[in-house]
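Here's what TrEMBL has on this protein:
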{"type": "BINDING", "residues": "16-21, 63-66, 101-110, ASP136", "note": "FMN binding site"}
{"type": "BINDING", "residues": "ARG377, ARG407, ALA408, PHE409, SER410, GLY441, LEU442, CYS443, SER444, TRP629", "note": "FAD binding site"}
{"type": "BINDING", "residues": "THR483, SER549, ARG550, LYS555, ILE556, TYR557, VAL558, GLN559, ASP591", "note": "NADP(+) binding site"}
{"type": "DOMAIN", "residues": "10-154", "note": "domain 'Flavodoxin-like'"}
{"type": "DOMAIN", "residues": "227-475", "note": "domain 'FAD-binding FR-type'"}
Amino acid sequence: MGMEEKPKKLLILYASQTGNAIDAAERVGREAERRGCPVSLLSIDDFDPSCLPEQEIVIFVVSTTGQGDNPDSIKVFWKFLLQRNLTQNWLSSVSYAVFGLGDSSYQKYNFVAKKLDKRLSNLGATAIVERGLGDDQHPSGYEGALDPWMSTLWKAIYQKDPKLFPKGPECMTSNMSLMDQPKVQITYHDVDEGALQFSSIPDFKLLEMQIESTRFILPGKLSGKHPPDCFLKMVKNDPLSKADCGKDVRHFELEAISSSVEYEVGDVVHILPGQDAAAVDAFIKRCNLNPESYIRVEPRDNKENGQSHDLRNTLKVPMRLKTFVELAMDVASASPRRYFFEVMSYFATAEHEKERLQYFASPEGRDDLYEYNQKERRTVLEVLEDFPSVQMPFEWLVQLVPPLKTRAFSISSSHSVHPNQVHLTVSVVSWTTPYKRKRTGLCSSWLAGLDPQKRVLIPAWFQKGSLPAPPPSLPVIVIGPGTGCAPFRGFVEERSLQSQSGPTAPLLFFFGCRNEENDFLYQDFWLFHSQKGGVLSEEKGGGFFAAFSRDQPQKIYVQHKMREQSVKIWNLLTEGAAVYVAGSANKMPSDVLLAFEEIVSKEGGVPKEAAVRWLRALEKAGKYHVEAWS
């Protein structure tokens with residue numbers, strides 16, 4: 001033999017929307033490397049799908065978003081796989097495995113993993129193990145399914161190609177000898193050099209530069225990676241629910257200050273929240289960092305995986321360390337991943353702390369780690385304070401502290417009615433953990449604490465949601481209990497404006513809340529538009545129906561009000577109406593679908609199975625839309 005054969009690599013492709021699939025894929029990669037198997041780990045949009053037939057073994061780790069939707073990064077790849085000219089044996093020489101991340105409280109649980117598995121099989125590829133399905137509802141989250149799935153995977157890969165695991169699938173390098181290099185490197189700069197560059201830049205322009213620079217540490221192409229579409233400021237912060245009723249729902253009006261706002265009704269805005277200043281200071285102090293030092297953060301050059309696109313996003317100018325932490329690292333809201341505990345164990349100098357951290361990072365300690373970490377929603381800062389002997393280098397913290405992510409909100413206004421504004425309907429999230437810690441949602445509580453008199457910059461990105469704007473001639477049936485009413489406030493505003501210049505189709509709205517007195521959100525608004533001639537009035541063919549679940553002994557929900565109006569609903573459906581559903585993902589979307597099935601069966605005089613098929617056809621025709629959140 002002349003030239004030495006290049007060692008084979010196990011290809012792992014991931015498609016992630018929020019970062020969980022990246023964590024899972026990196027874990028699969030680490031476990032393979034510990035068994036002596038070289039790995040190539042790529043976001044699926046960095047892989048050329050036409051090269052798929054040349055691969056021997058491919059591992060896919062994919063998440064499902066929203067109502068069975070593809071993560072953005074897999075859309076091009078999936079479109080390629082659906083081409084009609086691909087034959088049934090196009091992938092006949094490829095072996096594959098699929099692990100999905102989903103949430104079984106949603107109707108289309110792990111839909112992306114299931115359809116990818118089916119399509120790969122239809123194109124002739126061979127599954128080496130049954131697909132794994134991680135479930136957010138499992139006590140240990142997706143890891144509850146990932147651990148056993150990986151154990152089966154290694155054995156199957158070894159049978160297929162023993163060369164990948166030179167010492168067998170069970171023989172692992174000791175963790176200590178495989179202490180990975182952090183993926184980022186940090187250069188410290190002279191304070192004067194850093195401060196000088198920013199002295200004459202307007203505040204929003206400076207913040208835009210800083211956000212753009214810090215977003216590169218978000219792996220893949222996550223939402224909010226590029227500079228914000230605009231900056232907003234709070235101009236109205238009004239309570240919608242009654243004080244002391246057990247919930248705090250707010251109406252926010254935000255105004256653009258940097259550039260004009262562009263969106264349609266049904267769109268979503270992503271907001272990057274500010275962090276609690278005291279928590280950021282406590283984190284910096286606990287980690288023995290100098291908040292005033294200026295740093296440049298850049299990925300270690302990873303030419304092997306061809307990930308040069310990351311290097312374009314290196315911090316172009318030095319940034320204050322404190323600013324970097326504030327904009328990029330979620331230190332006091334998100335819980336760290338299991339790998340965080342493993343890396344901490346290397347830096348623990350107290351033996352009892354090292355042992356506990358090693359146990360937490362092991363398969364045996366998984367359930368106890370879940371009780372300590374995820375169930376209690378412990379923050380990075382709290383974990384670090386619980387293990388005082390650990391001093392992690394800042395490079396590792398930058399890599400492992402969960403990135404500060406944007407939060408998505410349905411827009412509750414019409415751009416045509418409020419050209420320079422965005423309105424939001426937000427429930428301020430708060431709960432108590434099993435150990436009686438008080439927790440609040442980072443973004444909702446930050447927004448609720450903003451004073452309209454003060455100019456606080458709110459970074460915002462706009463995106464299409466699951467609810468396309470209906471044309472004025474389309475009859476619509478909308479179901480939006482609780483804050484699910486948000487997008488439909490925009491629908492009503494827009495249709496009301498359209499009705500002033502021409503005829504509009506009927507709009508039928510079913511709203512629900514606990515009590516008429518406590519949380520009847522936007523009561524005056526709905527009742528105004530239900531009056532004679534309003535877009536929700538019965539004379540216009542529409543209507544507004546509210547279900548108050550706790551105002552009587554038996555609970556009444558939106559689906560009960562729908563059944564009461566079954567004739568009206570059926571008539572609109574036969575006239576070509578589209579259905580829009582928004583709100584909690586828990587049981588509501590499936591209860592509403594069941595009510596529609598009963599209505600179609602009863603009023604259409606067809607068996608239940610035919611009604612199910614009829615509604616499926618409605619969805620395929622793009623006339624049944626759901627936007628739900630957990």
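Keep in mind that glycine also has a Cβ here, set from the backbone N, Cα and C atoms.
Residues within less than 8 Å, Cβ to Cβ, of SER63 (FMN binding site) and separated from it by at least 6 positions along the same chain comprise ALA15, SER16, GLN17, THR18, ASN20, ALA21, PRO71, GLY100, LEU101, GLY102, VAL112.
Confidence in the domain 'Flavodoxin-like' (10-154), given as mean pLDDT, stands at 92.
Rounded to a whole number, the C-alpha distance linking THR483 (NADP(+) binding site) with SER444 (FAD binding site) is 13 angstrom.
Assigned with DSSP, the residues of the domain 'Flavodoxin-like' (10-154) fall into helix, strand and coil as follows: 58 helix, 34 strand, 53 coil. Residue pair ASP591 (NADP(+) binding site) / TYR106 (FMN binding site) shows a Cα separation of 12 Å.
Other Cβ atoms within 10 Å of the Cβ of SER16 (FMN binding site) number 27 in total over all chains. Ranking the binding-site residues GLY66, ASP103, TYR106, ILE556 by Cα distance from ALA408 (FAD binding site) puts GLY66 first.
Rounded to a whole number, the distance between the Cα atoms of TYR106 (FMN binding site) and ARG550 (NADP(+) binding site) is 25 Å. Looking at TYR106, TYR109, the binding-site residues in this record, the fewest other C-beta atoms within 10 angstroms of the C-beta turn up around TYR109. VAL558 (NADP(+) binding site) has ASP103 as its nearest neighbour among the binding-site residues ASP103, ARG377, LEU442, SER444, going by CA to CA distance.
Other Cβ atoms within 10 Å of the Cβ of SER410 (FAD binding site) number 28 in total over all chains.
Its Cβ taken as reference, VAL558 (NADP(+) binding site) is surrounded by 27 other Cβ atoms within 10 Å in the chains shown. Using CA atoms as reference points, the binding-site residues SER410, LEU442, SER444, ILE556 were checked against TYR109 (FMN binding site), and the closest is SER410.
Counted over all residue pairs in THR483, SER549, ARG550, LYS555, ILE556, TYR557, VAL558, GLN559, ASP591, the record's binders of NADP(+), the longest Cα to Cα distance measures 19 angstrom.
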